[in-house]
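Per Swiss-Prot, these features apply:
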| type | residues | note |
| --- | --- | --- |
| TOPO_DOM | 1-34 | topological domain 'Lumenal' |
| TRANSMEM | 35-55 | transmembrane segment |
| TOPO_DOM | 56-83 | topological domain 'Cytoplasmic' |
| TRANSMEM | 84-104 | transmembrane segment |
| TOPO_DOM | 105-118 | topological domain 'Lumenal' |
| TRANSMEM | 119-139 | transmembrane segment |
| TOPO_DOM | 140-170 | topological domain 'Cytoplasmic' |
| TRANSMEM | 171-191 | transmembrane segment |
| TOPO_DOM | 192-204 | topological domain 'Lumenal' |
| TRANSMEM | 205-225 | transmembrane segment |
| TOPO_DOM | 226-232 | topological domain 'Cytoplasmic' |
| TRANSMEM | 233-253 | transmembrane segment |
| TOPO_DOM | 254-296 | topological domain 'Lumenal' |
| TRANSMEM | 297-317 | transmembrane segment |
| TOPO_DOM | 318-343 | topological domain 'Cytoplasmic' |
| TRANSMEM | 344-364 | transmembrane segment |
| TOPO_DOM | 365-379 | topological domain 'Lumenal' |
| TRANSMEM | 380-400 | transmembrane segment |
| TOPO_DOM | 401-411 | topological domain 'Cytoplasmic' |
| TRANSMEM | 412-432 | transmembrane segment |
| TOPO_DOM | 433-447 | topological domain 'Lumenal' |
Amino acid sequence: MSRQSLFTPALGQRKGLISHTVDLVRALLFDRRYFWHTAFLLFLGEVALSLLVIWKIPYTKIDWPAYMQQVDMFLAGERDYSKIEGETGPLVYPALHLYIYTAFHRLLPSIENVRPAQFVFLGFYLATYLAISTIYYLAGRPSNGGHHFPQVLLIPLTLSKRAHSIFLLRLFNDPIAMLIFYLSVIAFQIGGRKGWRLGCVLFSLALGVKMNILNFLPGLLVLLFQYRGIVGTVEGLSIIGLIQFLLPAPFFFSKSNPYLIRAYFTSAFDFSRQFLYEWTVNWRFISEETFLSRERAVTLLAGHLTVLGLFAAFKWSPVPGGTLRVLRKGFSDPLNQALEVSQVPAYHIPLVLFSANLIGMLFARSLHYQFHSWYFHQLPFLLYSGAGWGNMLTSVLIWVTVQYAWETAPSTISTSAALLAGHGAMVFGLFFHGMKRPSSSQKSKAK
């Protein structure tokens, strides 16, 4: 027997083992049947890493003391929202934010000892991961020309130093608002009358924590019209508006003074508030004078509305006949949905909402480091949906560029320019390489 023949079985077994391992890894990363297997493995890794972060890295004192000082004034009986303030300035967040941090104030053994609060925020962090995983999974349901969002997209969600810092070390309110928002997206994806109503309730609660949730509102308006019709849209907006009025009720009805109503809304939803140039992440490459100018604010608003209009007109109604057909159907039959659910893929709902938010980020007057949480968990979804120009290497390059800008502190001229370029590239990618509108002939063939 030759020497070569002696080793042939062993070599064959080794090749078989390698092939089996490659197949297993491929299945864990891309096969929909193993989506939750991979998601759970990553979840366990996040638990271990997050506990290590809390244990080893000191808490960063930024807004937590100010939140607690604002709560102290609220508990002391102050009901004029414009007079509630902390060491970082006046209270500029809606009422649910104040109630949540009041609960922290009451339940924690000491507001100076933030470690228990960090474990609560660890719960928020892990719940957010599970919520966004659910959104990706539901978006990948194989129906109506849809496609699977592979679980490999979940890996980047575990790689951000900035995300761990925002949730676990700084205890900002942004993660709370985003968690509630993601729960609303799941409700919208589940659908049905109850799903959309519950989604609107959750959306309004998220808005009751922080007004950045308004970035998603243009997309939600489009979706409500498409899935619920005119009457359903009015119903959804009424739910959102009613909750926004009920949340601050203790401030309105504590004294019969109409001024308190105006004081609340002008403080909690102050669209004219100036941002500090020293904290900007996305506009460091312009002068402070230009940064603070009214002309720049007006230009950004005009650009924001224009791009939203373009997406609403050409991208957010991916059915034969497009937006005009959806509008005609909606206005001719206001009691019913303006498009057939069977006409759009499962990823339509999160794609519209997330792209509306990305457009808002592109035209934001200023972004601070905690605002990273407004869209970090959405980036792999968007890049896979066209924001990466349909190319894996381009997607990776954009993701790395954007993350590098957020991880660099303080911001520099180059990192701000890179962040703006990354946002612009993603918006252009979504517009030119995103969801395609099927032609009537394609639709008929599909049938």
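The backbone N, Cα and C atoms fix where each Cβ goes, and this holds for glycine too.
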Range from 35-55, 119-139, 233-253, 344-364, 380-400 with most C-beta pairs under 8 A to the transmembrane segment (84-104): 233-253
When counting Cβ pairs under 8 Å to the transmembrane segment (35-55), the leader among 119-139, 205-225, 297-317, 344-364, 412-432: 119-139
Cβ-Cβ under 8 Å with the topological domain 'Lumenal' (254-296): same-chain residues at least 6 beyond its ends: 79-82, 84, 90-95, 211, 248, 364-369, 371, 405-406, 410-417, 419-420, 423
Residues of the parent chain within Cβ reach of the topological domain 'Cytoplasmic' (56-83), under 8 Å, 6 or more residues beyond its termini: 89-91, 98, 101-102, 104-105, 111, 114-115, 117-118, 165, 169-173, 248, 250-251, 254-255, 259-260, 263-264, 266-268
Residue numbers, six or more beyond the limits of the transmembrane segment (297-317), whose CB comes under 8 Å of its CB atoms: 218-219, 222, 226, 323, 325-326, 339, 352, 355-356, 359-360, 362-365, 427, 430-431, 434-435, 437
Whether the transmembrane segment (205-225) meets the transmembrane segment (344-364): three or more C-beta pairs under 8 angstroms: yes
The topological domain 'Lumenal' (192-204), counted residue by residue under DSSP: helix, strand, coil: 13 helix, 0 strand, 0 coil
Positions on the same chain near the transmembrane segment (119-139), where near means CB under 8 A and six or more residues out: 35-36, 39, 42-43, 46-47, 50-51, 54, 104, 146, 149, 151, 153-154, 157-158, 163-164, 167-168, 171, 175-176, 178-179, 182-183, 185-186, 189-190, 346-347, 349-351, 377-378, 381
Folded-back contacts onto the topological domain 'Cytoplasmic' (226-232), same chain, C-beta under 8 angstroms, at least six residues removed: 188, 191, 193, 196, 317, 326, 330-331, 333-339, 341, 344
Structural state census, the topological domain 'Cytoplasmic' (226-232) (DSSP three-state): 7 helix, 0 strand, 0 coil
